[in-house]
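Have a look at the structure below, then the notes.
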């Protein structure tokens, strides 16, 4: 099996590319960074530091690389069985024309073996968005052929890849946490389903997208907000504070109760998933700053995001939410010299008061009981 992966950055090399190469797939990276391309083509291998309770070094081998803006990448798309991406949501649109050219070439060469394309980005249904960009770049006479022979497969990805703490200047060396999750929508594949260790197939992708948002993202944000208020520097320091840990774990259990009601997740398995995430926050190798994780509080307090969306779920199913309320109050206190949203939040609260400010940011009813609970918690933290 042959694969082309767009994006030879830390996530590309340390997560998706590693899983593909470890599965024995013939892998080519596509990127614009000439230093990385030259190093990959000179060595055909690189080292990945996998850090958890212990550290191990894995070698990924048998890889090569091409420029993502040349003709080679177009030729490869005409030949490979799988295309994956880890380029960041904004860059998907930029790689679409090259993919479209490659698909036209594939059609012209009469290659009708199925091709599947999977965007592995931190966004909801990223491949569907990539498909839209590719379709816009295709000539009309190629669109029906692409619909028939090319699968655009959505996925959910989760692995923390911190800034490398390596003492070397090796452009290929990368550090990743032990945990990784790559869940793909099996209903969208063309041809046989691939068997790639570390890739999980599901017919209910949105359940897993929400599970990550309501657990990892909710817990991470609340740890950051309460940690900053308590004077902690890192996520690890904050989660080792018993008072903060109790609220974070409680909030993840509250959001988890929503997931169990909504999607039928197994309660014991979800409790184990929460424990695993608490362990990830404690990882001594991931020096995650509370200020970095807390950034953009207006976005994180919006209706569809990690704090308000699970709260709305607790209201929908009449479930408890006192710890989620503590997290929301903590977010309202977030102040950072370097974050424009933190400054805007402070100005809004100063101008309108906490009740009207929270209602405006979150879309919650200003006169609702939950807004009143959040304001009470906010004032108690002052």
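Quick reminder: no glycine exception, Cβ is built from N, Cα and C everywhere.
Owing to the predicted nature of the structure, the values given are computational and were not obtained by experimental measurement.
According to Swiss-Prot, the feature NAD(+) binding site maps to 3, 4, 5, 6, 7, 8, 9, 10, 11, 12, 13, 14, an assignment based on sequence analysis. In the three-state DSSP scheme, residue 11 (NAD(+) binding site) falls into the helix class. Residue density at residue 11 (NAD(+) binding site): 22 other Cβ atoms are found within 10 A of its Cβ, drawing on all protein chains shown.
Within 10 Å of the Cβ of residue 269 (N6-acetyllysine) there are 9 other Cβ atoms, across all protein chains. Residues annotated as N6-acetyllysine in Swiss-Prot, with sequence analysis given as evidence: 269.
Within 10 Å of the C-beta of residue 13 (NAD(+) binding site) we count 29 further C-beta atoms, all protein chains included.
According to its DSSP assignment, residue 5 (NAD(+) binding site) is in a strand.
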